[in-house]
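A.B. asks: Here you go, one structure.
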Amino acid sequence: MIQVLLVTICLAALPYQGSSIMLESGKVNDYEVVYPQRLAPLPEGAVQQKYEDTMQYEFKVNGETIVLHLEKNKGLFSKDYSETHYSPDGRKITTYPSVEDHCYYHGRIENYEDSTASISACNGLKGHFKIQGETYFIESLKLSDSEAHAVLKYENVGKEDETHQICGVTLNWKSYDPIKRPSRLNLTPKQQTWPQTSVNLQLIVDHSMYAKYNSNSEKITKTVQERVNIMKEIFKPLNFDITLSGIEMWDKKDLITVKTAATDTLKLFAKWRQTDLLKRIDNDNAQLQTAVDFDGETVGLAFKSTMCDKRYSAGIIQDHSAIPLLMAVTIAHELGHNLGMDHDDTSKCNCNVCIMAPRLNTNPSKTFSDCSNNDYQKFLTDKKPKCIHKKSLKTDTVSTSVSGNEPLDDNVDGFHA
C-alpha cells in the first residue's frame, strides 16, 4: 500500500520576506521563506522509498493554508532510457541508469479544481504550481539552513540576467517558410474524443550548453529532466504523452556545426539524427538544445507536420532562460510544430498568449488554443503518424535493449519557428 507523507511548510519570520536573492531560476524579489517539515512518519516497519509515490505538502500562500497533492510521474522515462556522453578519443559511452526511484512529480492543490503543479523533489522542492490563475515558484534557498525554501509569484522572478531581450521584451519564433493555415475544423463529438498518443523524445545537449553549465553533467541532466516533466503536464489535455528516451551530451565537441543561422543548424541536426542517432537509440523525435545565440530573435525552429518522419522529426532550441517553465514552453512550441500546429492567429483563435503564439511571452501560458487542437486533430487524420499511436513503453526500471525507429514518410511541410 502506498504511504502518504504529510509535510507542513511553516512561514519564517518576517525579516526573511521581501529581500532579493539569487536562485537557480534567477534573481527573485518579494518571496516568503518556508520550512518543509514531515508531520506523518511511515508506520513502524514500513520501508520508505527515497521518493514516495505520493506526497502531500501543506503551506501558506498569501496567508492562506493550502495542501499540495503530488504523484510521482511514473511515465516520465521510456523502458530503454539512456544517457550518452563521449570519451576524450571520441568513443560513445552509453549507460542505462536506474530511474525507478526518480524525483519528479505532477500534482494539484486540494479544493481547487483548475490547479496544477510540476515539482522536482531531487534536492529540496523545486518547481511551480498554479492556483486561482496565479503561478507560483517554490525552490530551495540552499542556505546553511538546508530546509529553507522560497515561495514566490512567477512575476517576481527577475529577468535582468536573461539574455536575448527576455527582460521586458517578448521573443518570437521567426517563420522562415510561412505556411498557409489549413481551414479550421468543425469537430464532431466523435472527433473530439482524442486518441491516446505518445512519443519517445530524445534530447541532445550540444557543447556550448555543456560549457554554459560549467561542464556539470549532473546539473544538466536534472535541468533537462525538469523541463520534460513540465512538458508532460502541458500536453496532457491533448491526451498526448511524452516519455524521455534519453539524453545525449556532446561534452567533448559538437557532432554537427551548430551555426547561428537556425535554418542551417536544423537541417544539419535532422540529418545527424537520421544517419547516426536512429541507428543506436530508439526515438520518435529529437530536439537539440544549445547555448548558441541564433540570429535575430529566434529561440527555436522545427519542421512542421513531421512527427515520426525518419529525417525531419526534429527541432532545435536555444537555451535562452534559466526558468524551467519558460524553457519547457519553448520546447513544447517546437514539438507542437512537429505535430502539425501552426502559429495562433489572435483574430481567429481563443487565446492571445497560448503555447503556439508567434511570440514567446515572458509570462507564458501552458495552454493550447482551439486552433492548435484543430491543427493537431487534422495532423492525426491526414498524416496518420504510426509511431505515436503505438502502445507507450514506459517504465521506471533499468533496460539495455534498443530497437530501431519506425519512420512514417518523407513529406515535409516546411520550417516553423
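Every residue, even glycine, has its Cβ placed from backbone N, Cα and C.
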A.B. asks: Cys349 pairs with which of Cys371, Cys387 in a disulfide, per Swiss-Prot?
C.D. replies: Cys371
A.B. asks: Taking 158-177, 378-397, 398-417 as the choices, which stretch does Swiss-Prot tie to region 'Disordered'?
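C.D. replies: The range carrying the region 'Disordered' annotation in Swiss-Prot is 398-417.
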A.B. asks: In Å, rounded, how far does the Cα of Cys308 (disulfide bond) sit from the Cα of His337 (Zn(2+) binding site)?
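C.D. replies: A Cα-Cα distance of 13 Å.
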A.B. asks: For His337 (Zn(2+) binding site) and Cys354 (disulfide bond), what Cα-Cα distance in Å is obtained after rounding to a whole number?
C.D. replies: 14
A.B. asks: If you measure from the Cα of His333 (Zn(2+) binding site), which of the disulfide-bonded residues Cys349, Cys351, Cys354, Cys371, Cys387 is the nearest?
C.D. replies: Cys354
A.B. asks: Run through the Cβ atoms and count how many others sit within 10 Å of the one on His333 (Zn(2+) binding site).
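C.D. replies: Other Cβ atoms within 10 Å of His333 (Zn(2+) binding site): 28.
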A.B. asks: Express the distance between the Cα positions of Cys371 (disulfide bond) and Cys354 (disulfide bond) as a whole number of Å.
C.D. replies: 10
